[in-house]
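These features come from Swiss-Prot:
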- ASP60: active site, nucleophile (ACT_SITE)
- TYR118: substrate binding site (BINDING)
- 107-111: region 'RNA binding' (REGION)
- 168-172: region 'Interaction with tRNA' (REGION)
- ARG58: site 'Interaction with tRNA' (SITE)
- ARG78: site 'Interaction with tRNA' (SITE)
- ARG110: site 'Interaction with tRNA' (SITE)
- ARG126: site 'Interaction with tRNA' (SITE)
- PHE139: site 'Interaction with tRNA' (SITE)
Amino acid sequence: MSDQQQPPVYKIALGIEYDGSKYYGWQRQNEVRSVQEKLEKALSQVANEPITVFCAGRTDAGVHGTGQVVHFETTALRKDAAWTLGVNANLPGDIAVRWVKTVPDDFHARFSATARRYRYIIYNHRLRPAVLSKGVTHFYEPLDAERMHRAAQCLLGENDFTSFRAVQCQSRTPWRNVMHINVTRHGPYVVVDIKANAFVHHMVRNIVGSLMEVGAHNQPESWIAELLAAKDRTLAAATAKAEGLYLVAVDYPDRYDLPKPPMGPLFLAD
């Protein structure tokens, strides 16, 4: 087939929401359930050709997403409703497409992203939850959210996050730029909201694990700054559980004009 006869290739971006509790993470892997595998299967059915997706952030086992962004290329020309309603009809109930947008050739869900934003939800109550048990992390000791917020502000800006980096992290550098980190209380829920250019492996969960020690008055407010300066993972607290973590937003240059739906999860406003 000559170049003139080649069908046009369309590049499509999707916003994806998922409950990660029954998946072994985002990334497709042999013999285990992954969000990527389910999404690619549904897209391939609608496109009637094999589809491979690329995501903004590969979330770990049990981690959720309300603002994941993916892109894929296809020769299939479909209406937006096919990529949303049609794909959703082929997806399991715990994964959904939130929006669709045709993007230019230079767009890449991961490499075009300028920042990622996560929210970590702690159910801070003496008794464990039942209904939202896989969507929040239960912590029974009373937490001082204002104390946690103050302690966290030392993490702003460009820093070496070795103390909050998983041992198995494959990133070439531990340096990341944190744009904001806020800790707020909403009734029995404590929310840690953090935005950075990128994250090292388990960075949010390791930060939250140590902040909970400060919030429970087991460590002084100055402890987080001391951990950051020490550059030693063994000094920090245990990694917080996956259940409470959500990828809520990914930032891109304005020229791509991607939709920005409410981040959530649940009752949380922007």
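Glycine too: its Cβ is placed from the backbone N, Cα and C atoms.
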Helix, strand and coil residues within the region 'RNA binding' (107-111) as assigned by DSSP: 0 helix, 0 strand, 5 coil
Cβ neighbours of PHE139 (site 'Interaction with tRNA') where a neighbour is any other Cβ within 10 Å: 20
Three-state secondary structure, which DSSP defines for ASP60 (active site, nucleophile): coil
Distance from ARG58 (site 'Interaction with tRNA') back to ARG78 (site 'Interaction with tRNA'), taken between C-alpha atoms, in Å: 27
Recorded sites listed as ARG58, ARG78, ARG110, ARG126, least Cβ neighbours within 10 Å: ARG126
By Cα-Cα distance, the member of recorded positions ASP60, ARG110, TYR118, ARG126 nearest PHE139 (site 'Interaction with tRNA'): ARG126
Whole-number Å value for how far ARG110 (site 'Interaction with tRNA') lies from ARG58 (site 'Interaction with tRNA') (Cα to Cα): 9
ASP60 (active site, nucleophile) versus recorded positions ARG110, TYR118, ARG126 - nearest by Cα: TYR118
Rounded inter-Cα distance in Å - ARG110 (site 'Interaction with tRNA'), the residue listed as 'substrate binding site': 15
PLDDT averaged over the residues of the region 'RNA binding' (107-111): 98
